[in-house]
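Colleague: Got a structure for you, written out below as structure tokens; questions coming shortly.
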């Protein structure tokens, strides 16, 4: 466990956040806990640019967060609109179907962004407003594709459609720009183990006032995930059950740290690191899964290997021989891509070390790449920007 | 945060378990994770004496565990039988009702055990077997009452009734004897933060083969809590979503530690500590909420204060003036009892320190107790048994 | 390792200090280290009330600090004046003798304070100023006796004697009042593991300008402990060899914490805790080794047991049966006293827990004490002062 | 503090060793401490291949260890023979001179090994055996040069000279082969923060029976560093003063880990990593300070930069711009070399990351190196050996 990980989450954790989470037992009915909870929620609101939202922190995961979103706002048989263009958008659709929702699925290539134009057409056609919610995956972790949430909002507005806009920001929030209020998002979902650089264990969700209002009429059964209980107890600094005190304490410190660095600086840092990784891929003659530069994720790069080559072998070899973890391709991308996670805690040095290991694996496996070539391409990017980044911080 | 806590969970955590949980990020799709998961599950099976069960570890809480139990085995409108004799049995009933189940409630005094004879009468009368599940709270954390689960099994057997037996062992498992197989339990539920002495964040559930079979026909919607996904992925050393790796690692070490000490020794230790606390209460002239000695919990003592005295003042004063946390009375016991949690990590010295603080608070608040009297009563118990405990360990 | 310790050092360590010490490797030639070192030294100066001093932090122990004091200021054959009234004053004398110094020893009972009047007589008689240094043990850890350092300074002044005043403040500094400048101290010595509540590993010494001047002519050989090398490199934020970075970081935080609480509040806290322990001893019918109340140490109580009883048995039993550490009698007090260390991190609850264990041990061993009696006496003290302490802090 | 360090000590610390050091306060007069001490000493003996030696663990540093070596075996005016070929051999000579020893200095170029032939000539000429001790620096941390200690022993034997052989193994022991018994070493010195991968704070010294015998007649004053006190108390599981309990616990685990991996495997690992770093230097067209391959250290590489270029600028830039620490040139090598420490905890990935940063710095500063070239050269070495290393471990 001596090398950093390059999976697209859980991310590497800074020691100060690990320590913030690992605290002795604290009475969760004490004022000390209440004094952690309120700023943790406020921090999340600031990171999401969601001033008007209510934030909820469930002892769960991002998947639990999806369930929070739908079970608190929808009723059995409700129609929802969703695009499928990667494993995680696929899974959210599956979750909706298993809750008895009627999902209108817009299929798109894995590597494409969310097709806002097709959303607009469908919403415009839905004159009776049978569609109650629109799902959008901001950053498809499986493909390394970021989608334009503002465009989804524009589609809703152009159609004059009242459906709620539910956004999966699991692998974007905290590392890439996210504008809950400006984009007119109704529910955003993330987890503790991504941009907040904490251990897994928290579903972090924000509800707009419209989403809060929808909870009253929603008929899907829920109890553990019921935000009515959560909202009522949270207001008194309490929880409806035993809260994950350490993670909430960690979340307070994580959001403090992101805000202290400055969100723009955080996003620029991830863009800079990601640019180096993409330059390396290009130097190796490999292309990204993401179809065009505007779709490039700043938190994860899914890199395609040549036809006939099993990309998973790279990941397996890196783990077995070089003790280093990368992500494999998922679903229909299995064997076609490997993934380099550069979200959360990542430095120039760390990114270069990950690229070095990938080069050794690819050479070992007979891919025609030149050792050091990807590293050199990333070094050029990092050299060109390191000094400027320092100056900006000063 | 320098003093131990005496709340009835989360418990004090031994440092070796905190460290087992606080590990660097590990790829949850690696064999290293699989090698933690299997022994953690095996450890739970051994602690529950549930050789035939399947164990599931959800990133959630005990409340989530209740939801796992019912949503995977029941269908909307199903009838369940449950006793209400404390806050936690009340809450489980509430959870069932919110999932659309039809709960036949047997009311019992808060301080009484589960009335197995009334269960038997109801089950015997249910000739058509409309009751699909029987709920039982092994240890009512609110009242400090342990109930006889074997008697519930006998009631089911005497009635020749096929209902599933679902048991809440949240505050007993790991600290008090629990016999999943012998008592014919179908589902048992606990959390990480009680007898396993870990941070909160895990719902730990065990399913009997009959419970597993029931999952196929259960119609309550579930996805995050669906044990079918969990069972399928777990079998490959994986999870349907991001697992709480640290907690699972901790659970492996916690069960190793309990089994190394010997379950009988662990249970004897808790009985011994609890006896001291009860002797102190008696020396103070106070009685337990539990109605009779056979109902005394070995993990939490709910102690009644004199009529007209607000028991919560003791808890408030202990926190404010002596920086020490105890539990308040909940629900209809609010103001009538305070609770001393002695589950998880607790030594003679720690228990005596908690009693010392309680004495100061009670004296400060004008209760007619003699300082040192409860401590002395507990000391007598601990002195008489300390040497023997050592010898047994040797 | 679950119970606190009650040895008179190393003390219990607050978790925030353990974490301050346990940091990843940091380049000790970096500015980051320099930025820890300067405030750590400034903090020590403030805690010692030694504004004019130079502070040095050696990777060593208090014993090493004694050696720093004499080897940097004295020459072979130099005469020093020292009282022997406990094991630690005895050891410092021994260290001097092994360095070839000529020690004029003033014997005093173990339990008495330093006899300043006899110092004055000897110093007055030393017309030729052959005595180059006067040693004084501020707090004799072996006997629980605090001595009057101001009186030693007055003795020197009354005699018009220029000898340096070297003070062992190992078990007082940080927990009891210490006035380097006001008392005219030339060198003070302590360690990291006492009032600063850190792990052992640092000798902390302060030199007055006169002591600094004496380093030029001192002829005792030294190299590792040479403060000339230390002073020169420290001035540049460096060390003459590898510094104990973590301990220095911890020292910065420890002094910050003591100063934030307020030194008077810190001293009052120790006096308050110590008063409870003494009240307990009195309730047990036992007397302190310290001969009179003005000599009572606020950091350690050496408690005499009845003639014919081996006090060490209490300590042995506490460790073996109750997993709790106390101090034994040392040297001529072996078997006659046991010691309760209440320096560093200690709360009401912790002190009461230590007293509870002692009572069980004494009863087990047949001493005629009443269980709970010492606890009750301490509880009375703590109750009477707890509220006031809170108010002062507010 | 997110990047590894590449200074030649203190090294990066594995988390399990940090945790072994960071333990709660433990009574250092308890059997628990004695049970740590004996195996820690035995572990050191095994790592040093010093079966016949006595091992001592002082709360100090390597410099303190040098002082332990000479002050316990020599008397004022004694003659010692020493070579000066780097900053650390220079400093040990200085320490001897400040203790009043008469040092016969053999000057050699910084970059050369210890000239055993000149030792032999001098020892042969010393018919009256005025030379009491011969000093040898096994691994010159300043120059990255390993010397042949067996050759020094042969020189002593050829001359039939009884002088003690004192060896500085500070930066070799635990990472490079060291044969105390076979090489006829009388005293070996190291510190905790190098091959044992612990925080600084321990001087680790081993004495042969001949060295132990010499302690009786040695007249240099010592007290803190007196091994007679240490030997006597250690024999009872005790210390003459407060021991650094955490570091001793860490040392036990560190030696356990080295022995479990196998010393040959540990040494091969360091050779492998070092080969990669040297291949990178060669690819950059830079030469090592060490004059020939037989002198190459496996723990630190001192790399010369072109004439007219200030090597320190690389180190400064790496720290300031890329948050990464390397070693500067010391003494007469200041500005001429930079140093890459690869001792202690170091993986392929980590070494490659350090090389990546160096390349960026050199390019930034205008040195004519090709980005990626050094990385590629090291990758070739690591690829060629990684699989074989795995197989050996299996």
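Each Cβ is built from the backbone N, Cα and C atoms, and glycine gets one as well.
Note that TrEMBL annotation is computational and uncurated.
What you are looking at is a predicted structure, and each value in this text was computed from that prediction instead of being measured.
According to TrEMBL, the feature domain 'Aminotransferase class V' maps to A:26-274. Taken from TrEMBL, the feature N6-(pyridoxal phosphate)lysine applies to A:194. Sequence annotations record features per position, and here TrEMBL assigns substrate binding site to A:339.
How buried are these features, and what lies next to them?
Modeller: All protein chains included, residue A:194 (N6-(pyridoxal phosphate)lysine) registers 30 other Cβ atoms within 10 Å of its own Cβ.
Secondary structure at residue A:339 (substrate binding site), as computed by DSSP, is strand. Counting only same-chain residues at least 6 apart in sequence, those with a Cβ under 8 Å from the Cβ of residue A:339 (substrate binding site) are A:7, A:8, A:141, A:142, A:144, A:300, A:301, A:302, A:303, A:326, A:327, A:328, A:329.
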Colleague: Please report the three-state DSSP label of residue A:194 (N6-(pyridoxal phosphate)lysine).
Modeller: coil
Colleague: Express the predicted model's confidence over the domain 'Aminotransferase class V' (A:26-274) as a mean pLDDT, rounded to an integer.
Modeller: 97
